[in-house]
Amino acid sequence: MNLFRKQKFSIRKFNIGIFSTIIGTTLFLSQTHQALAEENELNTNSDTPNTALTGETNTNELTTANQNNVTNNNVANTSDGTIDNQVNDNQRNANDLLGNESISETNPDLSKEQSTESSTNNNFDPSTNNSTKLQLDNINNDIVLPENLVNGETQQNQPKLVTESRPKADRPKKRSRRAVVDNNAGGTVNSTTVIDPKINNTGPNAINEVLTFDDIGVTPSKSRNNPTVTIVEQLPGFNLINGGKVGVISHTLVRSDMFNSSDEKNYQAQNNVIVLGRANGADPNDHGDFNGIEKTLTVNPNSELVFDFSTMLTKNRQGAVNIVIRNADDDNIIGEKTVSTRAQSRLFKVPDNVTHLKIQFIPNNDAITDIAGVYQLKDGYKYYDFIDNVGLFSGSHIYIENRNIETKAVNNREFNVSTSLKNDGDFAASMNTNEFVYTIHLPEGIEYVDQSLTTELPFGNGSGNMLNPMITTYDPTTRTITIKSNGDETNSNNASLMPNKNLNINYKLRVNNVPTPRQVTFQDNLVYKTFAEEYFDTPPTPSDVNLEPYNIDIVMNKDELQRAVDTKVIASNYTIASVDEYNTLKARAQTILDESRNNVPINQRISQADIDQLTYQLQHTLISRVEAARAVNNKADDMTDTVNQDNELTDEEKEAAINKIEQDRDNAINNIDDETTDDGVTNEKNAGLNILNGDTGTPIAKPNARQAVNDKATEQRALINQDTVATTEEKEAALEELDNDVATALANIDNAQNNAQVEAAKNNAINKINTDRPADIYKANAKAEINQATIAKRQEINQNNEATLEEKEAALNELNQTTNQAIGEIDNSVSNSDVDQAKDNGVNAINIINPVTIVKQNARDAVANVAQQKKDEINANTDATLEEIQAAIQAVDQALTEANTNITNANTNDEVDQAKNNSINTIQSIQPETQVKTNAKNLLNLKAQEQLNIIANNNDATIEEQQVAQ
């Protein structure tokens, strides 16, 4: 099982450069040593930090000799007059002219002042991309660099030598490299034959495959409760050994009793899993024709092949797969290995006479020592030797993709070397301790700068694959730098450089006081091996490659000499004798500086000692009086700046002051020019400085204008404070406006440039200040609200029909008093809040004023009392009938209603009293009619009298009987 291959592919070879964006991260970040597929040959490595490394050509016709010519090509015949335009043109055309192969080139900076700093900055820096790509064929014959740029004799930007050691992996392989011709004036380089045995790990037949078992047209059961194995007799992409069979199961069965549930690796299986082995539960020797599977591959002879997978174990932790590798051309076995779960990667070295391999995956039935503990399915078989997918990758191949180094090193100066080593194989190269060794043999006169080595790995070099710093040793006796790998932070022997990744090694060298110019040669050596946890046979011998030698010229350090020559000399600043001597020395110095331009052989050029002596003479010959003149000029400039920066001065005042400064300066410089000794120059300088120090100018216009504005503001401020109508806030607002106007005026005066502007600013300010008065509206508004409330209340009182004229007059008098009191309190208020309080109190007091309406009500009550008494009287009259009583009560009610109406309509108290009295008299005069009962009584009395008369006249009755009858 390939534990780290989370996503599986069809059984085919992929050039994953096309798919790197989609699947690269998913497939490889989780596996420390998992092979990374090649990038498309037109793409640069997107995971490498930004560097100035060159790209790679995509033409198979470009030979190794062409590349080597690019390697040591020297832009010795370029000109400073055309370099900038040529660089820009070649930046646009480089890819069209050379495919993707280019050489890093820095743009020369012709400024002498930056010579020291630029030497370091123009070296190869993998963290920046400041290179310019040039097409060398167009440059060498047409561009002439300045003398100092060609030789690297100053610390300005210099062309870099960029070495590309070999072409892209899938170009036609060259087992050896041709001699490199150095176009420099210093001569040629005799290169040694370079043979890297791991070159066969690259190229068209390099293996980069992941064998999966998903696209075979089989969808096995996913039931974990009832595990079943789908038996197939054909497996697309493979042959079944001896016409046998193989089983297919779903990855979900890793959670069933068929697998070791405690092995976390099993849970990384995806989709289909192949079952290579089985045994009959009743007969362990019956394997049901499970003979294994095989596949044929075309490989490069003498290459390496890494098998990247492990066997998934059964429930009782058993299982192993035998890998048998045969020469497909003669079927002879050339390698065997048992794959269990212990290791992941196993390396096989392909013999140098083998081009086709037959790889067989055979169940290791002998590894099942406890068949009873293997889970038995319903078909009677016990299944084992499960594999998910298998990674097949060619080994590593490391080469120097780019080397960025100065073409010319300057004496007694450090320079950077940046080397980019790339693994363009299909599997990781080991970075375990001492398994990667890069050796640089320095020529005489060059030494390593201690602690200067740094390394950089690209992003995506594998999950958890954080390498320890390289172990760097330097043997000054042999001038040998040895850079060794130091494993990773986990100390798990898993350190590696992944495929298609770069290891950038940066270090500094120093030219150590070489007495004379010369050309020197470097020789590098590289020892490395492909990472593997196990090997089919003995571990193959690591690659030990002597890399192509490369040359640089050591030139003398002329920086100080160039600076001395470039120093501008003004004859009037020095004595005539020193100027004459200086000119003689300068002519000699220019001859030395032009050594390269004049084609002086490098071994015939001036020594460092002579250069240093001449530099010292140039630096100490002239007797300068520039310092004195500079001091006076600087003082005059300072005083002029002081005057110009003094905002108290108008243009007219500044002009007068500057004229005085210039006159005093000219006098001082003239006096200095008249002196012939150093002491005389110093004395005149000091005298001139003292005079200039007093030239400051006297401001007049602006101070006078400010005084006028402040005086007017004081006057206006007193007027505002004396305003008795304004509230405190209104006064404060007016004072604030006044202050703002004063501030604006003063600012305008400050910003005025000339006298006229100052005068205008002053006059405008005085006119504006005259208008700064309190608003005087707050109390008026409050009084208006009081008057409005009074009007509304007066109208309300006059419309009150319940009040008599006397009552209304009393209320109106109270209203007038309250209003006057509120207005008086507003007048006496100081602040807005006081005004608001007086206004609110006044409005509230006005709103509660109402007439006292008791006259009409008392009259009504009196009439009502008389009416009630009359009703009681009527109701108590026994001579009246009920109808007569009701009629009388109705008359009383009618009289009462009329009384109330008359009282309401009365205007004065007298009218109310009259209406009341009239109503009472009317009500008191009302009596019920008693005619009915009176008439009945009269009739009854008459009838009784008649009867009495009859009884009395009845002679037939006795007196006693008459009395009884009566």
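Placed from the backbone N, Cα and C atoms, the Cβ positions cover glycine too.
Predicted automatically and left uncurated, TrEMBL annotations should be read as such.
Note that the coordinates shown come from a computational prediction; the quantities given were computed from them, not determined experimentally.
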Stretch carrying coiled coil according to TrEMBL (options 651-678, 903-930): 651-678
Candidate ranges 504-531, 616-643, 728-755, 868-895; TrEMBL annotation coiled coil resolves to 728-755
Using TrEMBL as the reference, determine which range in 262-308, 450-496, 779-825 is annotated coiled coil. 779-825
Considering every residue in the domain 'DUF1542' (701-775), what is the mean pLDDT value? 89
Could you break down the residues of the domain 'DUF1542' (627-694) into DSSP helix, strand and coil, giving a count for each? 58 helix, 0 strand, 10 coil
Per DSSP, how many helix, strand and coil residues does the domain 'DUF1542' (779-853) have? 60 helix, 0 strand, 15 coil
